[in-house]
Amino acid sequence: MSNARPQAGEKLRDDEKVKHIPITIMPTEKAEMLRKPEWIKIRLPRTTDRIDHIKKTLRKNNLHSVCEEASCPNLAECFNHGTATFMILGDICTRRCPFCDVAHGKPLPPSAEEPVKLAKTIAEMQLKYVVITSVDRDDLRDGGAQHFVDCINAIREHSPTTKIEVLVPDFRGRMDKALEILKNGVPDVFNHNLETIPRLYRECRPGANYQWSLDLLKKFKEQHPDIPTKSGLMMGMGENKEEIAEVLKDLRAHNVEMLTLGQYLQPSKHHFPLKRYVHPTEFDELGVIAKEIGFTHAACGPMVRSSYHADKQAAGVEVK
């Protein structure tokens, strides 16, 4: 592929996606790949009927799930459980985070039909708890905030009893505008992931800012004190336990109540290299620390993801 700018709708993946970020990602050779330990287990269902049904429903309505786009290891379990995390605003991200498997490029304009299609799909599937996330849309003046509101309000209209969790981008350069817009469609849980420790931001989250993300969570909470705020991090990218504990303190200092900690799994040899597999006991220890410093919910375990059993997380059920 040439160095020409991608056309609208063109997806860049793997080496094409990460070759222009501030650091050089050298492909991880097969011999260098860390062997998965026995505790990294993907739970496969006995039948794929429900999984196939959800995929067909998404295709029929031209909808996307982050489960598929980000190659989540829990896809089979969650789809078979009848849950999905819907990804709005398309499937092309304006950022190039090297840990993430979502494609980069120039996104298409938001679909005006998506909010109603999404709401009708959720009603058809009779979902009681949904998570709505999005790609980063730095090309939009509001970062996509109005589209989030349109989706939330459409879901409320078609499924009044469905609980809605949003996992939002950082609204870089547009925080105040986005938060003002979000007042017109308030979710039941507000989630924004820090993803990693501040020392690794330049490598892992080019274009993002650690303090900005903390401030986004804090400002939302100040405006909506009754709505739980939530954040999550991946482990195994070069951080240590003490650095994670410091981030947990920062989150609590910014009034974040819910936490997820999970194992980073390298999507391909072109992505950010996995440095270690974190033992389940370390996740347990961090979960104890989280509760001790005031988190009301802490889902900590190798296979935990931000929206993994999000309904159970919100209900206070232990998730690992």
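Even glycines carry a Cβ here, placed using N, Cα and C.
These come from Swiss-Prot:
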{"type": "BINDING", "residues": "Cys67, Cys72, Cys78, Ser307", "note": "[4Fe-4S] cluster 1 binding site"}
{"type": "BINDING", "residues": "Cys93, Cys97, Cys100", "note": "[4Fe-4S] cluster 2 binding site"}
{"type": "DOMAIN", "residues": "79-296", "note": "domain 'Radical SAM core'"}
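This view paints the features noted in Swiss-Prot onto the structure.
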residue: Cys93; record: [4Fe-4S] cluster 2 binding site; DSSP class: strand
residue: Cys100; record: [4Fe-4S] cluster 2 binding site; DSSP class: coil
residue: Ser307; record: [4Fe-4S] cluster 1 binding site; DSSP class: coil
Shell of the [4Fe-4S] cluster 2 site beyond Cys93, Cys97, Cys100, same chain only (C-beta within 8 angstroms of their C-beta centre): Arg95, Arg96, Pro98, Phe99, Asp101, Val102, His104, Val135, Asp136
C-beta crowding around Ser307 ([4Fe-4S] cluster 1 binding site), within 10 angstroms: 29
Using Cα positions only, nearest of the binding-site residues to Ser307 ([4Fe-4S] cluster 1 binding site) (Cys93, Cys97, Cys100): Cys100
Model confidence over the domain 'Radical SAM core' (79-296) (mean pLDDT, whole number): 95
Neighbour count (Cβ, 10 Å) for Cys100 ([4Fe-4S] cluster 2 binding site): 24
Binding-site residues compared (Cys93, Cys97) - highest count of Cβ atoms within 10 Å: Cys93
